[in-house]
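> Here it is: the structure, laid out below.
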Amino acid sequence: MALQRRSLVDKIAVASPRGTLAVASVLVGLVSPFITLSGENATTIVFFRFGLAFLALLPMVVHEWRQYGPMRRADLLLYAICGVCFGVDMALWTPSVLLAGPSVSAVVVNYVQALAVPLVAWLFFRNRVPWMFFVATPFSLGGIFLLSGILDGAGGSDLVRGIILSALAGLTYTVYVVLTGRTNSPHHQGTAMAIVCLVTTVVSTPLLIATHGPLSLALSASSWGWMILIALSSQVLGWLFCQASMPLVNPSVAATLILIQPLSAIVFSAVLVGERLSALQWLGAIIMLLGIFLIGRAPKRRYRLGIKRPSLRIRRRPVA
């Protein structure tokens with residue numbers, strides 16, 4: 001009986017937690033080069049990315065409400081607040097991709113988020129900060145300086161602005177992560193993502209119109225293709241499967257697999273966009289990725305963020 005209440009997303013994640021997380025991380029990492037290839041401004045990209053994702057998730061929302069009943073009001077409100085945070089995040093990060101490039105923006109936002117989570121745990125939940133945090137942080141902060149291109153003249157005002165925006169996006173994304181971790185709706189993953197997408201669209205679009213230009217509704221056929229690809233590959237499939245598989249994977253393994261996100265952004269940016277980093281920028285990216293890896297492998301039991309791990313009411317596989 002319990003198996004019948006398992007969603008399709010959960011079935012796939014439980015069947016192969018590591019494989020699901022790896023593939024999902026690649027899909028999420030692809031969004032950076034896809035944004036660059038779309039040729040549209042930040043306002044248009046964010047509006048269609050989340051608007052189309054919301055529409056694509058509606059059948060899943062209907063199925064969840066018929067199968068499991070409506071989501072609790074408290075969780076509805078909390079996911080709406082999460083959408084506000086994510087809307088600000090996207091209003092910062094999407095322009096950073098266009099300014100700094102897909103590789104740099106992906107590495108910086110992942111690094112800042114990895115750095116901020118233990119600090120949030122310490123400041124608000126009084127959890128111990130793992131010793132590896134203090135080892136990795138000073139070491140990897142130098143990576144940002146190298147990645148900026150200042151030393152070898154590879155940088156410029158746009159690159160520096162992009163790095164700053166990406167770092168700020170990492171901070172707002174940390175708030176989003178903490179808030180989503182405090183929800184308890186294991187059977188409403190599609191509903192949760194749909195709420196976040198809808199609110200993100202409403203919040204980020206006016207912010208981007210005010211700061212990065214008007215919304216374009218007259219898209220070419222190729223632009224429509226990129227918008228649909230971004231919405232379905234990253235926002236729907238990538239995020240849903242990341243959220244479903246991460247609790248099923250050993251934290252140290254998950255920390256390693258999550259590195260696939262910025263790594264895939266770097267690889268596909270070189271292959272698809274033709275982005276080229278200088279030798280010092282590559283060194284900076286490697287240092288920062290190593291910092292993410294070391295911080296991510298710290299024992300999770302030491303900083304739980306007050307997160308409630310909801311039960312899926314299914315027999316979980318042993319931690320992978």
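For all residues, glycine too, the Cβ spot is worked out from N, Cα and C.
Per TrEMBL, domain 'EamA' is recorded for 22-148, 161-296. According to TrEMBL, the transmembrane segment annotation covers 21-39, 45-62, 74-93, 99-124, 131-151, 163-179, 191-211, 223-241, 253-273, 279-299.
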> At a threshold of under 8 Å on Cβ distances, which of 45-62, 74-93, 163-179 pairs most often with the transmembrane segment (99-124)?
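By Cβ pairs under 8 Å, 163-179 leads among 45-62, 74-93, 163-179.
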> If you run through the domain 'EamA' (161-296) with DSSP, how many residues end up as helix, strand and coil?
112 helix, 0 strand, 24 coil
> At a threshold of under 8 Å on Cβ distances, which of 45-62, 74-93, 191-211, 253-273 pairs most often with the transmembrane segment (21-39)?
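It is 253-273 that shares the most Cβ pairs under 8 Å with the transmembrane segment (21-39).
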> Considering pairs 6 or more residues apart, do the transmembrane segment (74-93) and the transmembrane segment (279-299) have at least three CB pairs under 8 Å?
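Contact criterion not met.
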> Answer with yes or no whether the transmembrane segment (163-179) touches the transmembrane segment (191-211) by the criterion of at least three Cβ pairs under 8 A, sequence separation 6 or more.
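Between the transmembrane segment (163-179) and the transmembrane segment (191-211), which are separate recorded stretches, there is no contact, as judged by 3 or more close Cβ pairs.
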